[in-house]
Structure formats: C-alpha cells, structure tokens
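Annotated features, as they stand in TrEMBL:
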- 17-375: domain 'Cation/H+ exchanger transmembrane' (DOMAIN)
- 405-516: domain 'RCK N-terminal' (DOMAIN)
- 6-25: transmembrane segment (TRANSMEM)
- 32-51: transmembrane segment (TRANSMEM)
- 57-77: transmembrane segment (TRANSMEM)
- 89-111: transmembrane segment (TRANSMEM)
- 117-139: transmembrane segment (TRANSMEM)
- 151-175: transmembrane segment (TRANSMEM)
- 187-205: transmembrane segment (TRANSMEM)
- 217-235: transmembrane segment (TRANSMEM)
- 266-284: transmembrane segment (TRANSMEM)
- 296-319: transmembrane segment (TRANSMEM)
- 331-351: transmembrane segment (TRANSMEM)
- 357-377: transmembrane segment (TRANSMEM)
C-alpha cells in the first residue's frame, strides 16, 4: 500500500469510527458499542474497507489498554478496602463461576452433550467483561456507588477464578498426568508471582521512582513504571493469572504511595487510546458469516447465557444481603461474557475439548453480549426506578404532608433539611441516588427514594398543600424539568441552587424568584430567607445559621 492509499484508508477509518462513536453516544448507549460496531464495519470479515487483517496483533496491543485501566483502578483501592470485599469476592464472584458452570453442565446433559463440554462452556461463559462494565460505570460515574462497588468486587472474584479454570481444563480433557503435575507447578508459580508483585510494589518500584524523581527525570520515571507494569503482566501470564488482576494488585499496593497522583497522570493519555483499540478489535473479531450460518443457535446460546448469569448473579447478591436494587443492577451489568473468555476458548480448543466451530460461535456470542451490555444495564436501571416508585407508593396516604419539599439530597439539600429540622418545620427530602438517600438517613433526616417528576410522588410529598420547595440538582436538564413541574403548584414558593448563570436566568424566567448559585454561605443565606418566610423569628434564624456554620466549618 502506497502512502496516498494509506492516508486515504486511515482518514476513512477515522471517519467511520468517529461517526459510530458519535451515534452511540447520541443514542445514550455509550462509546463502547460505537467502537465495537466500527470494528465490525472495518474488520476483515466484512466487505469494503479492511483496516487490518492482523486482528490478533491489534488485540494484543489493545489489551494493554485494559491493563493500564485496571492499574489506575488499583491506585484508587487500598488493601483494606479489598479485604472488606472478601465475602463478595468469594460468594458472588467465584460462586457465580461455579454455579454457572453447574447450570451449563445440566443443560448439556439434557441435550446429550458431554458433561465435560457443558462444564467448560459454563466456566468460560461465566466470565464477565471487566473492560466493558468498568468503562461503562466510569463513564456514568457509578463506580463509587453501592452497586458499582458490588459489581467491581464481583469482577475481581471472577478474575481470581481464572487460574483455577485454566488448571481444570486439562483435567476435563483427561490429560491426568499433565494436569496433576501442571496443577502443582502452576500453584507454586502462582504463589511465587504474587510474592514478586508484592515485593516489586512495596520495595523495588518505590525506590526506583524516588531515585527518578530526585533526578527530576520524567522520562526515567515513566520508563521505570512501564517496566514494572510489563514485568507484572509477564509474571501474571506465566502464572496463568489474569493480567488485569495482576496489575490491579500492583496498583493497589501503590495506592498509599506519595506518587499515586503522578502515576495516574502518566498512565491516563495512553490508557484511553489503547482502550478504544481494544473495543475496536472486539468488533473486528465478529464474523457476520458465522451469524448468518447459525442464527438460531447463536441467538439461543446468547439468550441462555444472559438468563442463566442474570439469575445466578441476582440470587447470590440477594444471598449476600445486597438488597433488590443493588442485586438487580449487578445482575444486568454482569450478564454478558468477558474478554478473558477469548483466551479460555483458545485453551479449551488446544486440549481438544471444544471444536474450532464451537470456538468461532463462542467468539460471536461473547462479542454480541458485550454490545448488548449498555441496553441490558439501562433496562436494569429502569426496573430499579420502578421498584423505587413502588416503595414510594407504599407510604400511607393519611400521613401528614410536609410544608417543605427538598428535591436533591446532596450536601446542599441535606443542609436545608437540617435547617428545617432545627427550625421545627415539617419537611421531606427526595432523591433517586441511593448513596445520597443513605447518607441523609444516617443523619436521621426525613429522606426517601422518589422521583419528584412522578405525579404520585408529588401527591405523597404533599406539594398541593406545601408552602415551599428547595431544589438542589446539578444536572441542568433535570433541574429545568423539576422547576417547570414545581412552578405548576402556585401555592409553593420555589428556592433553587444553580451551577450556571444560564440556569439561574432560565429559572427566573419561569417565575422562580429565589434562584442562586451554590456554596454553603449562599445556601445559609437562602435558608435564612426561607425560614423568615415561614415565620421563624429573626433571632432564632440567626442562631440556626450560626450553629450550622460552626458545625460545617469544624
């Protein structure tokens, strides 16, 4: 290919990728699906533009993006936090792999398929996609939520199970001598590699980084870090340990280091590019000819996998006492199949447990399940919203209505609730964010799940007879929708915080006279106005404001 042809192909490829990503973001399904679809269009299995015939090479390069992604996640996770997740790691993460394997074994026996094949398929398809799920949750800023933490613990548990699955495959293939020797050898190598990673992260790398920092050589700093990550990946491969788990451990052991933030800064630029290449390579691995040749089989296997994994995840999360909301979101997020299944399929084929055709079909099922993940997760969130609404409907209609309705229970919303409580004003607070409601509940505030845009929730909140409402919502579009709804209640005086001048002007045009920007002092100021309007004496208003100011500052 001459230079002109190369430049034309590259320009066209970038255009296709850009259009696919923009469209997927526009449809609110995330950029991941856009990259995968672009990979299908560009890949060697479709007619027209062929971006690369070396998909495996591209996949190997792109896998390093996932490695860097997990390294940065490890930097955010202290060892004590991981230890606190041990029950979830074992019960949900590894337990799901075992139960899914058992379910597929039963199905295989029912269809006269050798049980060994069914078990291997189950153990492989039990793996969920760390790359897709964590990337999706990071985009939605949900990694720090209750369900985000539970999902992440599940993924780490699955990664821990991979070494066991790889040791079990030779046994199922009846290579007993090799399996027995191999299992002992792999166990020793596994322990050795983990020990080396700990030594590298705790003693060797920090000293090298300190030395580079004292020399003020950013190049040396970056190269030392790159060497440590590559050695960790190499060691993980030798131990048949998940590479993502190995580098996650390296990052976690560095989470207390004074270099934590600079490490994130160094990794960030290349991580995003390589992650994009990974999803592109997944799309390139999809062969439409296989889908056309076995549509019923592929669809059946895809649906069966999602249903089985959903049921197992949901049941184990409930058993772990995570509640219906967290369990539902966890099950929908992890019902797909992950990238490490590609590797496990290859191992199973090498031991002649699975035929090449079965492996090809498996690759398609993995890729399609990854594409379906954003839609599945969105469905799960909608079901959770319905569950929340049902909880709200359980409130007694005869309960006393509140004078003040607070919408949004972030720091500002909670502060207004505290002011109302100290002033003896009946109030109720609503939010759709579980963590915010939980935080408000821990402060003994009258807080509930609920969407104030719902007509029934408005009735339960007592808006028809309320005196005022305070809106503390950061998202501009939602803030404006809520303000429009509340303005329809002429008896309600609306107070709102905004993040921009544009939102403030928009709300004032709607008729919201008490709209202002955030921060504690401005909230206290607005709160003083509100309490005065409710008839609280001026000296008492001043006392409340001073008390809260002292509490918040100290």
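Even glycines carry a Cβ here, placed using N, Cα and C.
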Counting each residue once, how many in the domain 'RCK N-terminal' (405-516) are helix, strand and coil under DSSP?
54 helix, 24 strand, 34 coil
Relative to the transmembrane segment (331-351), the stretch among 117-139, 151-175, 296-319 with the most Cβ pairs under 8 Å is 117-139
The predicted model's mean pLDDT over the domain 'RCK N-terminal' (405-516) is 86
Stretch contact, the transmembrane segment (151-175) with the transmembrane segment (357-377), Cβ-Cβ under 8 Å, 3+ pairs
no
Can you find at least 3 Cβ pairs under 8 Å between the transmembrane segment (357-377) and the transmembrane segment (89-111), where each pair is 6 or more residues apart in sequence?
no
